[in-house]
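What TrEMBL says about this protein:
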- A:20-49: transmembrane segment (TRANSMEM)
- A:95-112: transmembrane segment (TRANSMEM)
- A:132-152: transmembrane segment (TRANSMEM)
- A:158-181: transmembrane segment (TRANSMEM)
- A:193-215: transmembrane segment (TRANSMEM)
- A:227-248: transmembrane segment (TRANSMEM)
- A:255-280: transmembrane segment (TRANSMEM)
- A:300-323: transmembrane segment (TRANSMEM)
Amino acid sequence: MISASTLADGPLLGLPLPELWFALLFAIFGTFLFLDGFDFGAGAIFATLEDETAREAVLSAIGPFWDGNEVWLVVFGGALFASFPAVYADLFSRHYLLMFAILGALILRGLAPEMYEQRHDEGWQRWWGRSFVAGSVLAPFLLGAFAGNWLVGADRSLTLVGFVVGVTVVLLTVVSGAAFLRLKAGEYLPDAVTAYGVRAVVGYLGAVVVTLALLAVRLPDGIDTLLSPAVVALVVASIGLAAGYAVAMRRGAHLAALAASGGLTYGLVAVVAVVMYPLIDPAVGATVEGSIVSTLPLNLMSIGAAILLPLVVTYFVVLYSAFRGPVEPGEAY
Amino acid sequence: MIDPVIASRLQFALTTIVHIIFPVMSMGLAPFLVYFTWKDIRTDEAIYEQLRRFWTKIFAISFVVGTVTGIVLEFEFGTNFAAFSTTAGELFGGPLAVEGMMAFMLEATFLGVFVFGRDRVGDKLYMVSAVAVGLGTWLSAVWILIANSWMQTPRGYELVTENGQTVVHLVDPMAAYLNPRFGYMFVHMQNAAVESVALFMAGVAAYYVFRHHVWGVQIRNVEFWEATLKIALVALLITAPLQVLHGDMYGRHVAETQPQKFAAMEAVWDTESYVPEYIVAVPTSLEDITDPRAKDLFGIGIPGGASWLASGGDPSAEIRGLNSFDTESPPVAIVFWAFRAMVGLGFWFILLAFWGGYRWYTGELFEDGLLHKALMASSLGGIAATELGWIVTEVGRQPWVIQGVMKTSDGVSPGLTGTEAAITLAGFALVYGGLLVLYTYVVVRIIRGGPPSRGELRSVGGQSAESPAGVTGDD
């Protein structure tokens, strides 16, 4: 039996737990950005659809999934709070208005589809359709802006880096959204959706280049950091994944395209993590080692996460396999 | 300019008061839905499919609004109460993280299957998803209430000064997480949720039963509303007396562990023995409302009642008065009146339950129009009582955010400006006002739409796919 006193002695199994939690946080954020990202992207593409069947198909495609996907953001917030409380407090209060803008966008995105389906008159559906699009585009933009500000240690909510990273993330959500929609509701959607995805992936690579250029200027030792083997490898892998995505979309291999967009998402998040490390809150120069909670709660949380996260993955497998294959418009909602 | 401390507290109060409605609905509906799903699968009787599908719609919209308003609360600890989060994060962050991973994930993923998946999965997996969603909502409450109860009765920690900052360190996880308050709070809250939903179901059902049986208006699916009324009454007969019983134990525990809160609940200013309990307090002046003092109030007092309540049976027991504490008192008027209103409602619900049970026994449940009206008037009473209870809990512990450890005013983010806080407070007032209107609108539409008619049911071989078990009011 492991007692509280042995748990307080040192890190569990001698593992580098602060670094593992740092990595886990970004993995959780990446999972959120990929899973809810295709919901956001579906919302952006919704704006281009005129046909009612196509619009219903988009809502049906994300209907069973988005709430679960969004919980990854809740888990990210909770895990950051639990593992690096001072960082959580500093980041969230520093970007005060930005955080509430993110929450506002998420409220709009979550509520709008429910409202859209309530009534079928035109004015009502136009209003809630637009709200859905606005929430779906604003949420990733603002989340990207938050991540950009976090990375460069900005002390304001509105920065150039934040803006560019925001645009990058929005483009990325369109990339994954197009693949997801083709996979789940392809037959009800115009062929243009494929083209949107391919154009978005090109735009995404361009936006990444601009982001990296800005970081090179903005970060101390920016050029050295960006030329580190890990970052170079991630950028090269991203170019490969983007090309693979475009080919897969054109050939109709939508699951492969979706996987490629997932790779792109984790790649982007990994670049942020690699560039940031060993800091975790660059604005105040706080390091991963210096900001981690004390040993006892860290060990407890690590045990908890080791048990719970595999279970969570199982839930998602059950959910996505229950709704595998294409959906019918109006099936969900 | 507005004080960021005041604005942050108002904003947290506003966002919590609105948010709690939705978890109360989902946690309270959960056991009903598990039961309906079980009966639907086992018996294939039309009524259970109707019950399951109708109440799932209400559950789904409550869950969605609960999700988006719940994330706000999690973020607010960081945005508005950064000093608190830094100090207490080691103890407070863990339960929130585990809540996300253990509970919220469970409910949110299986919700997709439960709401949209009846035609896509087999009976077994469907039943599993109903249980998973219900279990998830209750596990959520476990972890959130662990976090909250630790703030009321903090245990298992030590205070350490790091880099000039005082921080709470976890030393005994069992003592911290299974702190003395947790059990009381969990039982009282979960029972409140089921009772609130029972009252809501009974009120809605009474409306249709009344129109049909008393006014003689033809109501489609009247047998559905009759069944709903009976099921709700059974739940009310169980939960209403329980709520008052363990509420009494809870009150005694508060008197022991948070004497200042208890003094505010009773508006006792000077330490005294033989303190009466004013079960009915009638304000005779404006001053009585804004500044209640038990001694000066006009009302029906049970001699020694408050002393008896605080001590568990000794009418002569001493109650510490508010004046004996070094710290400022919580806003006594709010705590005193909220407590009385909550207790009053609690007893009223018992009366309602027995009244309904008696009419059922005499075979006049569907004919007693006055009972129906009382039920309709009380349909939101459970939610109101829950809100009042939380107001007693949270306002009553002021000025402490962590009882005896940290004051709320010291917990607010140091860099927060009054302008920022005012902007978001105004934003929330607007957005949450709209949210409540929309939620009400959707719930009313679902109720007006009624249960699916027999022709649409799987259990009677209806053709229509069960797609709109989702959130839409119309098919």
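Placed from the backbone N, Cα and C atoms, the Cβ positions cover glycine too.
With a cut-off of 8 Å between Cβ atoms, the residues of this chain six or more beyond the transmembrane segment (A:255-280) that come close are 22-23, 26-27, 29-30, 33-34, 37-38, 84, 87, 147, 150-151, 168-169, 172, 175-176, 178-180, 182-183, 197, 201, 204, 208, 215, 219, 225-226, 228, 230-231, 234-235, 237-238, 241-242, 244-245, 248-249, 286-289, 291.
Non-local neighbours of the transmembrane segment (A:300-323) in the same chain are 7, 12, 15, 17, 20-21, 24, 64-65, 68, 79, 82-83, 293, 332; each lies 6+ residues outside the stretch with a CB under 8 Å from one of its CB atoms. Among the listed stretches A:20-49, A:132-152, A:158-181, A:193-215, the one sharing the most Cβ pairs under 8 Å with the transmembrane segment (A:95-112) is A:132-152. Here the transmembrane segment (A:158-181) has long-range neighbours at 33-34, 37-45, 57-58, 61-62, 136-137, 140-149, 151-152, 189, 193-194, 196-198, 200-201, 203-204, 207-208, 210-211, 214-215, 218, 245, 248-249, 254, 257-258, 260-262, 264-265, 268, meaning same-chain residues at least 6 beyond its ends whose C-beta is under 8 angstroms from one of its own. The list of residues near the transmembrane segment (A:20-49) in space but at least 6 beyond its ends in sequence, with Cβ under 8 angstroms from a Cβ of it, reads 55, 58-59, 61-62, 65-66, 68-70, 72-73, 75-76, 79-80, 83-84, 109, 129-130, 132-133, 135-137, 139-140, 143, 147, 169-170, 172-181, 189-190, 192-193, 196, 200, 258, 261-262, 265-266, 268-270, 272-273, 277, 280, 288, 292, 298, 301-302, 305. If you look at the transmembrane segment (A:132-152), the same-chain residues 6 or more away from its ends with a CB under 8 A from one of its CBs are 29, 33, 37, 39-44, 46-47, 91, 95, 98-99, 101-102, 104-110, 112-113, 116, 158-159, 161-170, 172-173, 211, 215, 218-219, 272, 275-276, 281-283.
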